[in-house]
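Heads up, the thing below is written out as structure tokens.
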Amino acid sequence: MMLLLPLLAVFLVKRSHTRTHSLRYFRLAVSDPGPVVPEFISVGYVDSHPITTYDSVTRQKEPKAPWMAENLAPDHWERYTQLLRGWQQTFKAELRHLQRHYNHSGLHTYQRMIGCELLEDGSTTGFLQYAYDGQDFIIFNKDTLSWLAMDYVAHITKQAWEANLHELQYQKNWLEEECIAWLKRFLEYGRDTLERTEHPVVRTTRKETFPGITTFFCRAHGFYPPEISMTWMKNGEEIAQEVDYGGVLPSGDGTYQTWLSVNLDPQSNDVYSCHVEHCGRQMVLEAPRESGDILRVSTISGTTILIIALAGVGVLIWRRSQELKEVMYQPTQVNEGSSPS
């Protein structure tokens with residue numbers, strides 16, 4: 001069974017040069033909590049930056065970003081502390097309800113993700129979904145005001161939730177209007193952090209991965225925002241079917257990393273190059289003819305190319321698990337309120 005913690009949430013980012021922003025809230029209930037994992041956790045993110053947190057140990061909603069603490073009054077935190085204490089009890093009851101219907105005992109998890117995205121062209125998206133033991137359980141479709149059930153238990157929940165038209169419309173309005181309004185507000189609070197630009201360091205590596213098979217890697221790291229476009233070109237033409245892609249993932253220092261690779265016959269005379277675009281900055285690196293790396297460092301003042309003979313450079317790859325959650329047979333009576341929690 002997979003245990004997913006919102007505090008460790010990793011977001012995959014679309015491989016694109018179009019800048020987007022998102023607001024997400026995760027809730028997690030655990031049936032058998034311990035000293036490391038609380039019974040209930042709620043965490044909020046703008047993009048990949050934690051902004052709020054609450055858990056069943058502290059029983060307080062608290063800011064995780066200084067620009068949240070500076071801009072929201074104490075009564076905001078107290079109001080949503082009270083709401084989350086209610087959600088804590090609701091999630092605990094709902095998880096027990098699910099365990100009974102699945103005939104489960106022991107350690108199990110119940111998760112919820114709600115949020116929205118603001119795209120560069122001004123368009124928006126919204127999402128609300130739930131999971132049990134890390135697997136999709138039920139997903140809200142705001143356009144049809146309906147729920148997509150993933151199994152027989154979720155289908156019972158679907159029938160109950162779809163009977164409450166007021167709640168369906170409320171969720172749609174929250175996703176399309178209130179969530180976006182709060183996202184724009186938070187983006188203004190954290191402008192210096194969220195609107196900054198750090199261009200990537202890009203490296204190409206040639207390595208024999210199997211006898212008779214050579215792999216070219218193109219790696220980018222140290223960039224923000226996370227939207228980036230990377231492609232391999234062969235003899236001047238883009239290739240896609242032969243390419244393996246890594247996710248765009250946090251590096252742990254407020255920047256991101258990603259990679260892509262392509263296999264080839266080492267006897268081939270084809271010329272491969274990696275093309276990278278990030279926030280209007282374009283970089284092109286040819287694949288090395290011999291084992292080693294070609295490193296390009298992109299800075300605000302210009303681009304410097306360094307040739308470095310390095311072998312076997314590793315990269316930490318994070319794999320994203322879905323962050324979802326919730327289920328119940330009667331729609332919850334704990335209202336989200338005018339602000340996300």
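Heads up, the Cβ atoms here are built off N, Cα and C, so glycines get one too.
In the three-state DSSP reading, K61 (2-amino-4-oxopteridine-6-carbaldehyde binding site) counts as coil. Among the features that Swiss-Prot reports, 2-amino-4-oxopteridine-6-carbaldehyde binding site is placed at K61, with the record citing similarity to another entry.
Annotation source Swiss-Prot lists disulfide bond at C116-C179 (among others). C116 (disulfide bond) has a Cβ environment of 24 other Cβ atoms inside 10 Å. In the three-state DSSP assignment, the secondary structure recorded for C116 (disulfide bond) is strand.
Taken from Swiss-Prot, the feature disulfide bond covers C218-C274 (among others), and the record attributes it to experimental evidence. Close to C274 (disulfide bond) in the fold, though at least 6 residues off in sequence, lie V202, T204, F216, C218, M230, T231, W232, M233, L260, V284, L285, A287, each with a CB less than 8 Å from its CB.
Positions annotated as domain 'Ig-like C1-type' by Swiss-Prot: 200-301.
What Swiss-Prot records for 19-105 is region 'Alpha-1', and it gives sequence analysis as the kind of evidence.
Taken from Swiss-Prot, the feature region 'Alpha-2' covers 106-197, and the record attributes it to sequence analysis.
Sequence annotations record features per position, and here Swiss-Prot assigns signal peptide to 1-18.
Swiss-Prot lists 297-317 with the feature transmembrane segment, giving sequence analysis as the kind of evidence.
With a 10 A radius on its CB, C179 (disulfide bond) counts 28 other CB atoms from all the protein chains.
Cα spacing between C116 (disulfide bond) and K61 (2-amino-4-oxopteridine-6-carbaldehyde binding site): 21 Å, rounded to the nearest whole number.
Around the Cβ of K61 (2-amino-4-oxopteridine-6-carbaldehyde binding site), a 10 Å sphere holds 22 further Cβ atoms from the protein chains shown. If you take the Cα of C179 (disulfide bond) and the Cα of K61 (2-amino-4-oxopteridine-6-carbaldehyde binding site), they are about 18 angstrom apart, rounded to a whole number.
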